[in-house]
Amino acid sequence: MTSITSVELNYLVFRYLQESGFMHSAFTLGYEAGINKCTIDGNLIPPGALITFVQKGLQYLEMEANLSNNDVEMDEDFSFLQPLDIITKDVNQLRQMIKEKRKNIQKDRDKDKDKGKDKDKDKDKDKDKDKDEDEDEDEDKDKDKEADQEHEGERGRVREKERHEREKEREKEREKETEKAEINKEREKQPEELADRDMVVDQEDKDAVKREENGISVGPEPMDIATTSTLATQEACEIPNSDVTVLEGHTSEVCACAWSPTGSLLASGSGDSTARIWTIANGLCKSGAQNSPLNVLVLKHVKGRTNEKSKDVTTLDWNGEGTLLATGSYDGQARIWTTNGELRTTLSKHKGPIFSLKWNKKGDYLLTGSCDKTAIVWDVKAEEWKQQFDFHTGPTLDVDWCNNVSFATSSTDHMIYVCKIGEIHPIKTFAGHKGEVNCVKWDPTGLLLASCSDDITAKIWCLKQDKYVHDLREHSKEIYAIRWSPTGPGTNNPNQPLILASASFDSTVKLWDVELGKLLYSLNGHGDPVYSVAFSPNGEYLASGSLDKSMHIWSLKEGKIVKTYTGKGGIFEVCWNKEGDKIAACFANNTLCVLDFRM
């Protein structure tokens, strides 16, 4: 008999975590189980392999529990079991449950037979009574016939009542299905109208829900509308291949990318233990692949083999001048590189993978957050750590500078701490989330802090108060990323309102009114979790990248998708260049794409 090994099971669980979007958990399992050392070819494992494997096991146990030596009519007596029962009980207990179920079914059948016999007896008595009445009272014969007919009618109504009640619910279901079918026909007739409804206004959503609750059919939910409209929109605004440059060279998934703030350099980080700096020519993109040594520098994080999982490049960031690139790796080291691809500094103190790192605006400090539950501020000039902050009780997932000396950290421990260089305690503690806090971002003025969590909420905080300013609760699944628009006071677009965008595993992006804490728009165009969002430098457009392999560019003025591109792998990150005429996206199929954007 074939049996599964612990290595094979670990790999299936690892793949399940990756496919479900639990990237931090996948990293941890991969590191501890040594997934990088196993000989399994991941390309041979189909998506959803673990779920399929478990489902087949449940079906086998269910079949085994139903089978016994004396089973004759298998099809008729087959009993379906709950998954939890199959998992928690052995075969003998399951067979006992099935036995009880069959006994109850037999009892119900016997009761129905007894009821039928009683009804037949009543009919015979009624017939005898009618006969006697006819013989004894000939003079009132016509009246008796009328009475008999009335009596039979009553009994008929009683018999019909039960059947009518049973059919009542079925009729309601049929009506609902008919209404849905009519609505779907209307939707097919009006694809153009639906194409303009990619951006669903929050108030309309709420009104629709209320009307539906009151029994009024209002058509499909926003997500259904988006599915139809996205297909219509994609045909109209798909970015042509002539406007796309595919960057090939990485040998594993590309999980991070960032444009230099001052030039035409694009950095990428991959699971192949390398980062790369690509020189992207000004002007229009050239279709096809670019992997010539002339336009790319390979920053190796390990000598020799380049597929060691412990050297995954997990995060990267350019300094404000665009002269230095910092990378964070799964080996717990931060590295600083020049634009020529030379390794300038290796920063070693963390005892676990680095999940996030950021330069401060001045460029003299680098901040890193690690799985070892700490954050470290590094003195770049001295090439040494300045201060380590160990307030969290779980891995540090994200870090972000408020100004040149203070910053925020978030963790799997549900907490957010605001820290300051030189202070041994947090200067502010924000408690309110009930799940892992995946991302923290300060607004352009440094006055408001936004956070998002696995508890399905995003929150906005202010240093002047302990409790959140706004609790944003419109998503239906975990929120993975948030971004502030480059608008409002302190930005290059001061006359436009400040907006917060949130990206979720519920496949939507939502835009929030920061002042009121209300949902402005729900952008429903993706079919899978959205991992990344980025505003254009002028604040007029928003790019979103999803595991559905597509990147959408939304016009915030028109309220719809204006451009879209579909690649060959899930998208982990999207970013704009400083001019706002090019967008980069990194994919799970080992490539990056640079897209020209012009309206």
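Placed from the backbone N, Cα and C atoms, the Cβ positions cover glycine too.
Annotations in TrEMBL come from automatic prediction, not curation.
Feature annotations, reproduced from TrEMBL:
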- 100-130: compositional bias 'Basic and acidic residues' (COMPBIAS)
- 131-141: compositional bias 'Acidic residues' (COMPBIAS)
- 142-197: compositional bias 'Basic and acidic residues' (COMPBIAS)
- 100-197: region 'Disordered' (REGION)
- 247-283: repeat 'WD' (REPEAT)
- 306-337: repeat 'WD' (REPEAT)
- 347-388: repeat 'WD' (REPEAT)
- 430-471: repeat 'WD' (REPEAT)
- 472-522: repeat 'WD' (REPEAT)
- 523-564: repeat 'WD' (REPEAT)
Original post:
How do the residues of the repeat 'WD' (247-283) split into helix, strand and coil according to DSSP?
Top reply: 0 helix, 19 strand, 18 coil
**OP:** Count up the helix, strand and coil residues in the repeat 'WD' (347-388) according to DSSP, in that order.
**Re:** 0 helix, 24 strand, 18 coil
**OP:** Could you put numbers on the helix, strand and coil content of the repeat 'WD' (472-522), residue by residue per DSSP?
**Re:** 0 helix, 23 strand, 28 coil
